[in-house]
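What follows is one structure encoded as structure tokens, with my remarks underneath.
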Amino acid sequence: MAPRPKAPPQPAEPDPALPRPRGRPPKAGAVTAGWVGLDFTRERALYADGRAPVAGADEVGRGPLAGPVVAAAVVLDPARVPQGLDDSKKLTRAKRESLYLEICATAEVAIALAPPERIDRDNIRQATLWALANAVRGLPCRPAFLLVDGNDPPRVDCEVEAIVGGDGLVASIAAASIVAKVVRDRLMAGVGAAFPAYGFERHMGYGTREHGAALKAHGPCLHHRRSFAPVREQQLGLFPAPGELEEAD
């Protein structure tokens, strides 16, 4: 039987994992020659053309069997661009955490989550686009231009450029990828504490051997994406009714 959660995470409540973003959005013409980090050629051209603010957006969590898709949108301050920005997957956890705090302290940041229920209802593509669009809409400032990773951009009320591999090329997108990755990892660590039998804090919901064994032993929990084939295959007679769950140690 699957263990009963000790206490389900409440992402809507104030959480130290999500420090309040600070900083002012850049203004047109604010670009300087002293920018550091990834290639700012694209942003520099946009600011020089008077299209400000420029936002970057990215998501994390399309592939896992459990947990939300987390999307982030970031408007970097050209005068305070963090050094060392890169694709979040290329950074160590310690470096991501350090950059995350710096981004939140110096940039405008917004986050949106597409939970498993929305993923199952709408499909992963539509849920991801929904999260990206909501992250952009949640920015304190309305961007004039959006740079987004990939080739499938969301519908938003500004001009958009999709860049394949953008999280490793464009600083604004890299910053968004770091924010999304850190937020999702922290959320999944909380889910792991509530559902210790699944090891979410180690595999973050991805389809690892450990996760597959836990699914086979316990069936899906409420954080699993039931429309995903490996989870769907475990639902036939394996998932206990709500009153049958046992208390976790």
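Each Cβ is built from the backbone N, Cα and C atoms, and glycine gets one as well.
Around Asp149 (divalent metal cation binding site), the C-beta neighbours below 8 angstroms that are at least 6 residues distant in the chain are Ala57, Asp58, Glu59, Ala162, Ile163, Val164, Gly165, Gly166, Asp167, Ile173, Ala176, Ser177. What Swiss-Prot records for Asp58, Glu59, Asp149 is divalent metal cation binding site.
Residues or ranges marked as compositional bias 'Pro residues' by Swiss-Prot: 1-19.
Under the heading domain 'RNase H type-2', Swiss-Prot lists 52-240, citing sequence analysis as support.
Annotation source Swiss-Prot lists region 'Disordered' at 1-31.
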Near-site residues: divalent metal cation, ref Asp58, Glu59, Asp149, CB cutoff 8 A to centroid: Ala57, Val60, Ala71, Ala72, Leu132, Val148, Gly150, Gly166, Asp167, Ile173, Ala176, Ser177, Ala180
Protein Cβ atoms within 10 Å of Asp58 (divalent metal cation binding site), excluding its own: 30
Assigned element (helix, strand, coil) containing Glu59 (divalent metal cation binding site), judged by DSSP: strand
